[in-house]
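> Features from TrEMBL:
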DOMAIN    35-109  domain 'Cation-transporting P-type ATPase N-terminal'
TRANSMEM  88-109  transmembrane segment
TRANSMEM  129-148  transmembrane segment
REGION    289-344  region 'Disordered'
COMPBIAS  316-325  compositional bias 'Basic and acidic residues'
TRANSMEM  362-386  transmembrane segment
TRANSMEM  406-430  transmembrane segment
TRANSMEM  849-868  transmembrane segment
TRANSMEM  922-943  transmembrane segment
TRANSMEM  963-982  transmembrane segment
TRANSMEM  1002-1022  transmembrane segment
TRANSMEM  1034-1052  transmembrane segment
Amino acid sequence: MATIDGRPAQYGISLKQLRELMEHRGREGVAKIGEFGGIHELCKKLYTSPNEGLSGSKADEEHRRETFGSNIIPPKPPKTFLTLVWEALQDVTLIILEVAALVSLGLSFYKPADEDAPLLQEEEEHHGWIEGLAILISVIVVVIVTAFNDYSKERQFRGLQSRIEGEHKFSVIRGGEVCQISVGDILVGDIAQIKYGDLLPADGCLIQSNDLKVDESSLTGESDHVKKGTDVDPMVLSGTHVMEGSGKMIVTAVGVNSQAGIIFTLLGAAVDEQEAEIKKMKKEAKKAIKQKSLTGESGKGSQPPPQTQHQAVHSEGTKSSESEGNHVPQSSSSATAAAPETGHKKEKSVLQAKLTKLAIQIGYAGSTIAVLTVIILIIQFCFKTFVIDEKPWKNTYANNLVKHLIIGVTVLVVAVPEGLPLAVTLSLAYSVKKMMKDNNLVRHLDACETMGNATAICSDKTGTLTTNRMTVVQSYICEKLCKVLPTLNDIPQHVGNLITMGISVNSAYTSNIMAGKNPGDLPIQVGNKTECALLGFVQALGVKYQSIRDEIPEDKFTRVYTFNSVRKSMGTVIPRPNGGYRLYTKGASEIIMKKCSFIYGHEGTLEKFTRDMQERLIREVIEPMACDGLRTISVAYRDFVPGKAAVNEVHIDGEPNWDDEENIMTNLTCLCVVGIEDPVRPEVPDAIRKCQRAGITVRMVTGDNVNTARSIASKCGILRPNDDFLVLEGKEFNRRIRDSNGDIQQHLIDKVWPRLRVLARSSPTDKYTLVKGIIDSTVSENREVVAVTGDGTNDGPALKKADVGFAMGIAGTDVAKEASDIILTDDNFSSIVKAVMWGRNVYDSIAKFLQFQLTVNVVAVIVAFIGACAVQDSPLKAVQMLWVNLIMDTLASLALATELPTPDLLLRKPYGRTKPLISRTMMKNILGQALYQLVVIFGLLFVGDLILDIESGRGQELNAGPTQHFTIIFNTFVMMTLFNEINARKIHGQRNVIEGLFTNPIFYTIWIFTMISQVLIIQYGKMAFSTKALSLDQWLWCIFFGIGTLVWGQLITSVPTRKLPKILSWGRGHPEEYTDAMNLGEERFDSIDSDKKPRAGQILWIRGLTRLQTQPAEPIRETEV
């Protein structure tokens, strides 16, 4: 018989049987496991041991993978480059250009029998096709650039996702050792330790559990927590969250065979079917080309129809694996987000709301001007040809009409700044990449930019402001307060034994102290840090806690009351050697003290613990410890004995009712009080000072004692001496914000939050209430933008509600990470300051780009329009405008979006929600530069031929060759644009626009590249670009006008902004007023018979923006289940 690793190769149970087993729930599940001979028999069939786990040998692992599969759900393959090219081609303005160019090409080869055609035209006919071809080539360039950007963007997201998945580890027992392995490496037969806050990575059956409650809403949609236990419901499923308790399970199904995996696979198939279905419906509803372009993006069916929406919510695995380059399905970012949460983060990004509004307005203006240009050109042409010259219709005139149309479309292309979504994406993607190095792992792109507007940060204390390396530094045992650690000889023996036993047993067995890697290193704390501090105390007394644990393994526990935010304590019941039970408990001092009736006094004698003694102990021991910033923990116990009971014991006849917690946890005997120090991180006070200077208020929200919290807040600099700030406890906070009926009132919160700096002994609900209260408050004129840090499972709601949620990468539970926007990989508050800096940088980069882009837009559109009216021809030809569009869209967005942040960014106040997108300073720059450029261009257009002594290009025949006159206009325009790009680097009215120019290689490389390309286009572009080579003299004139923009920029800076009317700032008001516009992008275009058909320009924009919007909301977990 074949063997693997000395065991038979054939398992005692098949994959099919295991899959069937996991479909049962509750009592059925218990019965089904019974059929296999119970849980231990099941372990034997899978050749694993409940205490030792798998052997961990390579051969064994491989064999299990082959037999039962690995814990990975294969993602949907990414889009190919060609698919992305095809999608970029769906762009409505590009389609019109393509059609017009093809028609123009066709017409240039069409030779009607036109006898009286002058011979001269023969020469020109040879070049007729060049313009059509040039336009087609420019369209291809634009499409390839767009597709390439989408492609690299998608690759970055996949990289980011795999990085985030790599971060997800899980505890399993292998070879008798507890080890953390990556979720993808979990195998059937592994013994996994599950604890509060875990996101379960695979299906399994419980071997042993304590007080385990699981949130299965991601699979069932039921929000109630399900109680689990070996005799109630032993089945635990992947994708569900442990909300309370702990336990051990044997893994029975992984990857596509787990319950979540089966759902994902079904959904994957369903999504494909739906795509086919939607495509079919779209074909049936044959719409005009415009409608096609609307559904071009939505037709990819990444959003399931509404009826399957509720089902799709927890399909995040499938959805994210679809990360469809431009339009990732907007699914909720967390498995816990049940149906109502689907629109998660829709109203989030302040910037997007402002941009969308701007987009739609520019779209309208652009489309209108474009249509007007075409109409005017055609009317003028018809009037001149048929009315004034009274010529008959000739088929060659069709060519002229097509050229007019091409000019109109080009105006539209230039008017619609489709480079903006690109700038936003590039800027965000670049920042996200750099933020990785600053320990910020960004899960939702827009969070990065929102962070720049943050006005308030609500931070946890433990681990974020402090080092989360806890040690016991003071103790109070048998009426002796020690400021240094006692030895075991200083403590009466029976009390010492109770303390060491109580701490060792009554702490999660996942909490351990390991020796440091090198001999001189500090020991490594694994698991709950408070428990590690207590275990360290036991070790310092000279007792090995592990040997006590080996005597009492977890399966001997009678009952465990796990720690949660309501209990604020933990209890473990174990059988006593000579009958009866002993309960050990530990927790927050003031809570345990209230439950104690006895205490060990001097020399270890048992004493009554009266109310007076309690108050004295709190006053003389606990409060002084707390004022030193120590967290105080009390340890107590109680015995339940079958025979004669001593004073502090309780007599029992049968087994007590362990569910009656009230009565079990009373009349305890207090053993000791310890003070645990968690020092403030050395870099935090400085980081908090930076925040305060940057106009961000830092508030501390903690579950700790109010004195401890106040002491730490003072050390951090959150509370400064002589400041009039509030430090409240959760109870007092609730009393102040609720009315007589106990309902929370916004106006009452508004009285509290502006002065509140520390909220102690707070529950997760208090944290949520505070965050919601600040966000909804209208007290401050610019509306607050709130960031929150959290690590616990119960922080989920507050993290989701906040504008930006930071989860702790090290101490954070999976639930907190799922609900967050950014994961701090080093749990450090100073990383948040870096996030603020990057966020402000993104906002500024986009503002720089806007300032540059709008100047070019205004000028190009006005020149084309007035030129068309005055000269019957646009001075800037279609191909030239496409080149300008390429400079200002793609290249400028790259150049301006990659500026590095400077510390100066932290010296200004945050913008808040209602600050205008385009400030008065920016509008002054835009209008001022546009004025200069228009004066120069129209000057050149109407009198340039006289000044420079060249042949005029005005009033040329439509087929005439390029002239030096119009080439100079085009060249000057590009030069002014290029030099204005340097001006656009500063948006706050700084004089020195060169500063920091050479720290950004991307900027100057692109600038030089554009300059060289322009020289080549002018000198050798000939017919293709409608240019004629210029002499050195003419080049110098063009560059002179270009450099003029820098000089003019200095003049504009001298105009005081304060004197300008407020109306010049653009995009103020609260973004919520126009978040409806955001939804245009998704919902409105989906309905096939949509009555309202938005304008082409508007669609283009909104589509660009929705691409962006949906990108960040990508659920991050993709392959793990």
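Cβ coordinates come from backbone N, Cα and C, glycine included.
How buried are the listed features, and what sits near them?
Distant neighbours of the transmembrane segment (922-943): 847, 850-851, 854-855, 858-859, 862-863, 866-867, 871, 875, 954, 965, 968-969, 972-973, 976, 980, 983-984, 987, 1041, 1044-1045, 1048-1049, 1051-1052, 1055, 1057, 1060, 1064-1066; these residues of the same chain sit at least 6 beyond its ends, with a Cβ under 8 Å from one of its Cβ atoms.
Away from its own ends, the transmembrane segment (963-982) comes close to residues 852, 855-856, 859-860, 863, 875-877, 880, 883-884, 887-888, 892, 895-896, 929, 932-933, 936-937, 940-941, 944-945, 948, 950-954, 956, 993-994, 997, 1007, 1010-1011, 1014, 1018, 1026-1028, 1030, 1034-1035, 1037-1039, 1041-1046, 1049 of its chain (Cβ-Cβ under 8 Å, at least six residues beyond either end).
Panel annotation: around the transmembrane segment (1002-1022), residues 883, 887, 891-892, 894-896, 898-899, 962, 967, 970-971, 974-975, 978, 981-982, 985, 1028-1030 of the same chain, lying at least six beyond its termini, place a Cβ under 8 Å from a Cβ of the stretch.
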> Determine how many residues of the domain 'Cation-transporting P-type ATPase N-terminal' (35-109) DSSP places in helix, in strand and in coil.
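Counting residues per DSSP class in the domain 'Cation-transporting P-type ATPase N-terminal' (35-109), I get 46 helix, 3 strand, 26 coil.
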> So what's the mean pLDDT when you look at the domain 'Cation-transporting P-type ATPase N-terminal' (35-109)?
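A mean pLDDT of 82 is what the model gives the domain 'Cation-transporting P-type ATPase N-terminal' (35-109).
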